[in-house]
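Asker: Relevant sequence annotations retrieved from TrEMBL are reproduced here:
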DOMAIN    16-134  domain 'Response regulatory'
MOD_RES   D66  4-aspartylphosphate
DOMAIN    190-407  domain 'Histidine kinase'
DOMAIN    425-541  domain 'Response regulatory'
MOD_RES   D474  4-aspartylphosphate
Amino acid sequence: MEQTSLTNEHERQFPRVLVIDDEPANVLLAKRILTKAGYDSIGSTTDPREAAKLFAETGPDIVLLDLQMPHLSGFDVMEQLRSLTEPGEFLPIIVLTADITPQTKLRALSGGATDFLTKPFDHAEVLQRVQNLWRTRQLHLELVAYRRDLEQLVGERTADLRDALRKLEETQKHVIEQERLHAFGTMASGVTHDFNNALSVILGFSEIALQELDDPDTHPVAPHLRTIMTAALDGAAMVNRLRDFYRPGGREEPRAVIDLNALVEQAAGITKPKWSSQARAKSIEIELRTKLNKVPPISGDAAELREALTNLIFNAVDAMPDGGEITLRTVEELADVRLEISDTGTGMPEEVRRRCLEPFFTTKGELGTGLGLAMVYGTIERHGGKMEIESEPGRGTTFLIRLPKHLATSQVKAQSEAHAVQPLSILVVDDQPVLCEIVAAYLMKDSHVVEVAQSGEEALAKFEPGAFDLVITDHVMAGMSGLELAARIKEQSPLTPVFLLTGYADTQSDTAPTAEHEGIDQVLGKPISQIDLRKAITRISSDEGEVARAPVA
Ligand code: ADP
Ligand code: MG
C-alpha cells in the first residue's frame, strides 16, 4: 500500500471487506448484510485460489473466510494472506463456520484468525463483529500513521540538527583560523612597538654619540656607529613591514572609489611578464582568463589591492610548474563584490591551506618569503573584506575574496572619523637619512603626509607658506642649523609650528622652548619615541587656532 493513501485510512467510515466462501449463497448473504448497513467496498470470491490475487488488488481491512473449501482450505488461505501483509500489521480475519470443534478453533486462531461467525449468520452479530474489528483496525492504522509522522519528524529534526552541527563546526573552524591570525596580528604589532622603541633608542644614541665625536668624519669609531644605525634601521624596516600586514584598517585609511574590474585588468597586465613570457621561456603554457561581470564600485586603496592581486597571481603561477590556467572572476553579491582567483595548479594539502596566511610560512624554501599571503590577508581585512581559500591537491586553488560595496554613506563616516585624527602635512628635516626615515615612519603610521629634506637648504626650497602644517627639524646639521631654519621659516610663515629635535642632554626632558630657541614651538629630546612625537603633535593640533592648516593631499 502506498504511503500517502495511508494518511487518512483510519478515518474512513466503512472498511473494505473481502468475503471468501465456496458457497455462493453465503457470500451473497454476507454481502447483502453489509451493503444494507452502508458498506460500499466489498469484494468476494467463491474460489479460494483467487483469494490471494483479490486480496492484493483490493487491500481489504477485514476478511471473512470460510474454512472448508475445495482446492485450498481456509488455513491455507490464511497462510497466503499472512505472507501478503506487513509484519506487525493488524489484519482481522473472521472465520465463517457451520460448527467448529475447540481444536479447529485453536488451530484457526494460531493460524491468524481473529474472530468467528457461525453459520447461518445472525445479521446483527455479523455487523457487530465486523464493526468491532474495524474499530480495532482503525486504531491500529491510526497508530501506524502516527508513528510514521513521528519518524518523519524525527528524521527532519535529525537532518536539521546534523546541518546545524556541520555549520557550527565550520564556523568554529573559521573562528579559530581568524583567532590565530588575529593573534599573529596582535603579536606583530606588539613586537613592532617594542622593537621600534628599542631601535629608536639605539638609533638616537648612536647618532648622539656620532655627533659628540670631535671629528665624526675621520674618527675610527664613526663607521661602527654608522653601521649600528644602519642595522637598527634595517631592523625597524623589517618589523614595520611585519606590522603593515596587520595594520588596523579604518579611519586613517585613504579611501578611493575603485572599479575592481579595472584593477583586475591592471593586475593581469602587470603580471603578464611572469605568467606569459617567463612561462614560455620554461616552455610551459600559462593562460590567464578574466571573467569580469558588471560590478558596483568598492572603496579602498587601489595600490594595495593591486599588490594583493599581483601576489595572488604570482602564487598561482608558482603553483603551476607544468602550466595551466588562471581565472580571475568578479561578480556582484548582495552587499559585496566577489573576486575569485583560481588556478589549475598543485593545490594545497590541508595543513598548508590552514597555515598559508601565516607570515613567513612558505613551502618554497629559499625562493619564498612567506609574506605574500600575509600581506594579502592584511589588505583584505583592512578593506573590511573576507577571504576564503578552497584548495584540493592536484586540482588547484581558488582564493575567494569578498569586498564590501562602496556606499555613499561610508565616505561621510570616513570623513567625520578622519576629523578626529587630523592628518597633517609635515616637513621633516634631518641630515641623517636614517633618522629622517624613522621619524617619517612614525608620522606616516599616524597617517600624516610626510615630506623629507636632508638639509636646511633643501627644506627651505621645499617650504611654502600653506604647504605644511608642521616642520620638524634636527638641531645640529651640516650647513644650516635647525635653529636657523626655524627662524627662516617663521619669517615666511609665523603661524607654522616648528619642532626641534635635539640630542643635547640638557634639553632632553625639557620640551618647552627656551629663549635661545626662538622660533621653536617645541623642543623634542632624542631619541624621540613615537608616543612623545604623537603627544607633541596632539598638543599643537588641539590649539587649532594657532595652526594654519594646509590642505592634506
Ligand atoms: P610565498 O609565495 O613566498 O611562499 P605566500 O604567503 O605567498 O608566500 O604563500 C605561502 C604558501 O602558500 C606558499 O609557499 C604555498 O605553499 C601556498 N600557496 C599560496 N598560493 C598558492 C596557490 N595558488 N596554489 C598552491 N599553493 C599556494
Ligand atoms: Mg607568494
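Cβ from N, Cα, C; glycine included.
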Asker: Can you see whether DSSP assigns D474 (4-aspartylphosphate) to helix, strand or coil?
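Answerer: Reduced to three states, the DSSP call for D474 (4-aspartylphosphate) is strand.
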Asker: Any idea what the Cα distance is from D66 (4-aspartylphosphate) over to D474 (4-aspartylphosphate), rounded to a whole Å?
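Answerer: With the alpha carbons as reference points, the distance is 121 Å.
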Asker: Can you name the residues of this chain that are 6 or more positions from D474 (4-aspartylphosphate) yet have a C-beta less than 8 Å from its C-beta?
Answerer: V429, D430, D431, Q432, L435, G482, L501, T502
Asker: Taking DSSP as the reference, which of helix, strand or coil describes D66 (4-aspartylphosphate)?
Answerer: strand
Asker: Summarise the model confidence on the domain 'Response regulatory' (16-134) as a single mean pLDDT, whole number.
Answerer: 94
